[in-house]
């Protein structure tokens, strides 16, 4: 009886040893070595451990990598090898086989998982780096460019510092994160996180094949839809794009900090370990709010989490279905108030401070500037919008959209501008528009008036000098400060000045007069001083092209409120211009003084 009890205790002790994790001194494995269930391999700097484990509430066994439990007492798995091929018991073995691959075998020595490296190697060795990367390489060559295989190329649900999230453009290999099926099952879940496959570089969460979240395209400084994802005291990040690869990665500012990104079943979390609480602190959650949901508001509308409701049509657009919109169903989006059909006069309105639209139907060129981009977009009737691809400095590159603009969100700070094609009737004052005929006409007018204005300024200065030298008689009669806006075209400015409808001569030099116009008349003539009517700009104000109600074309000089010119100086200038005549000068047709306006 006693002997049987001793035998039972002995076997129980042996079984207990088998279930304990026994560390292996080295951080490498050669073909003559292996790891069995219960043994662990520790990384070079003892930051990570590799071994067999079972998730909570699961009997299946997996080979995984987790943080060293001496540092992070809560087992935190960051990578799983056989996530879709679990072991049914503790008979598994991890080793390097005769083909030079890392493999996992079950108790019957059947390979259930392999690194499947196609590269031949003479002296294979597995090395466990302190970054958490498990690499297969030639023993004689430790260059990372010559790795046969590495776990960093096959992400699970975790992104560690220095991991590349993106594509190898030479091989076509895509590095992306994929969620666990559940907290107890590390097999592939429905959600993935990686670089977008079309257009400019950007990150996206997908629910299987359906878009779930976009970061917005990379603009040289940040992702346009993630202005809050900035470098901070914990980590910095970068986006690399060249002919060989395109990827995103982050690095820790302080190497003693432990931080990671994890893709859960429905969201991405940025986590940092806090020793004081022995827990992971949640820093970032993506999606952040309803406006991060892909295309929540449909086409040609933007989402603003500060508004109620959150969806609004872009300026110049209206809901496709007013009834659906009232019922807070925005899926059909918006449409132009006035359709665009590639007609003359079409141009672009600027939409500011937003996450740029989905770039699936876009084209980009990094060598063009914004003006070249506008011209190219305007000439292509299918181009719906454009902007700079890179906003660093004064901006560079060109991206153009050729499909409906979707997944736009409004930001109060750090958003990006883009320019959307509009019908002539929907253009705003600060837009850039063009047609070939309009361009030619505008160039002729600008050239003619610019020459006249420049000559006028020169002669005006010369006349002012002569005027002061001869100390002309000062006109003492005060200029009216208030003018009847209903009828002011017949009010004389000075008794000594009459309408300039004839050539000036010495005989009538004291008998001059100009018409005094009200401000509304001038504003109407210049289309409310539109930028489209602007002919030039100088130190004292801007010059505009205008047309009076009777068809008379005029050039309007609107003095700046900060020009420093008072009423008396303005009065003297009017008299002087009225007296000066030159074949290259336009005649003075009238003036306007109303409040602070001097025209």
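Glycine too: its Cβ is placed from the backbone N, Cα and C atoms.
Keep in mind that TrEMBL annotations are predicted by a computer and have not been checked by a curator.
Note that the structure is a prediction, hence the values are computed from the model and not measured.
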Annotated transmembrane segment segment (source TrEMBL; candidates 399-421, 422-444, 445-467, 468-490): 445-467
PLDDT averaged over every residue in the domain 'Bulb-type lectin' (26-149): 94
Neighbouring C-beta atoms (10 Å sphere around the C-beta of residue 557 (ATP binding site)): 20
Residue 557 (ATP binding site) - helix vs strand vs coil (DSSP): strand
